[in-house]
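Peer 1: One structure coming up, written as structure tokens, with questions to follow.
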Amino acid sequence: MSEAVAETPSISLLDLAFTFNHIALASFGGGLSAWSREVLVVEKKWMGEEEFLSAVTMCRILPGANQVNLAVFVGTKMRGIPGAISAIIGLTTIPVVLILILGYAYFKFHEVPALQGVLRGATAAAVALTLSMAVKTGKKCLGSVVAVALFLGAFLLNGLIRFPLLGTVALIGPLALLWAWPKPAKK
Amino acid sequence: MNVKTLIQIIALFSSLSLLSIGGGNTVLPEMHRKTVQVYHWMSDSQFADVFAISQAAPGPSILIVTLIGYKAGGILGAIIATIAMMLPAGLLVYMVTRFWQNAQNSPLRHAIEKGFAPLTVGLVLASGYVMSRAADHGWHAYILTGLCTIIFVFTKVNPLIVVAVAGLIGYLGLV
């Protein structure tokens, strides 16, 4: 399965930049990971579901903003260093311009424009996007008792008890590896 | 902008870049301390507002550094701060990704991709849960989040339309 995904057709640098620009602009109010999955896995099919999910966690553990990291990961995977740069430029250029306009207006007029209400609504929907990503990806990979236990463990520790991300991965990660390690007897 | 400010911007954000393990939000307290208390680039309430703007605007929320750089050193400060925050961590991710691509057939990569999938779904649900506790004030917002979740899971409606309608509902003061 991973071989089929690895055989990616050559993607132009412009396509990378536009794709990440699309992801960034669509993320009004948050929910960037859920958007990334929609675009990268479902729409463009640049990565498989499992590769995407493992990349998301890797990008969260490594230092740096998760979405910037994911752009570097996908850009590097597709086209090496130029790909990573294209993806980052696509992800950040227009948001930087927009945020500078907002910031200029804020420091000039000392108030955030009537945007606040809009953002409250958009954020509620962005949260929903993240929740729906959990449902959609969960349907595909929670097929066994062990998988459900790993899922519940991560949610309880990180979500309910608010255990730090690194600690959660340090506790659940080894169990996940043990469970998923390829069995030589079967191959 | 003077050279001293420029160097302070580069030193601050490139070091925070490598310290931001687990995402940009983990270094916000230190960013606040340096920006407000050490360098006096902005006031406490300005920092809070700049944070709100960066959360709300599209794109990665780490772009709060763009606004801090802008306040400290104008447009050039904004650009330098943004690059300083992304470059060191980006290089690290590049190296890890290259290693990952070369490990195409290793059992470790296979185990991480298969084993981390349920783990990650748990983390995604956790972040959705925590975000909704933080962002949704009152039962109106919870209902809106619930309805949108159902729409996203069971229909193929373009999510942008849903977010736009939710924004309109917020604009009308209903959540």
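The backbone N, Cα and C atoms fix where each Cβ goes, glycine too.
Positions annotated as transmembrane segment by TrEMBL: B:6-28, B:48-69, B:75-96, B:116-135, B:141-174.
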Peer 1: Please report, as numbers and ranges, the same-chain residues at least 6 past the borders of the transmembrane segment (B:6-28) whose CB is under 8 Å from any CB of it.
Peer 2: 34-35, 39, 51, 60-62, 64-65, 69, 72-73, 76-77, 80-81, 84-89, 92
Peer 1: Which listed range (B:75-96, B:116-135, B:141-174) shows the maximal number of Cβ pairs under 8 Å with respect to the transmembrane segment (B:48-69)?
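Peer 2: Of the candidates B:75-96, B:116-135, B:141-174, B:75-96 scores highest.
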Peer 1: Near the transmembrane segment (B:141-174), which same-chain residues lie under 8 Å Cβ to Cβ, leaving out any that are not at least 6 residues past its ends?
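Peer 2: Contacts of the transmembrane segment (B:141-174) (Cβ under 8 Å, skipping residues fewer than 6 from its ends): 132, 135.
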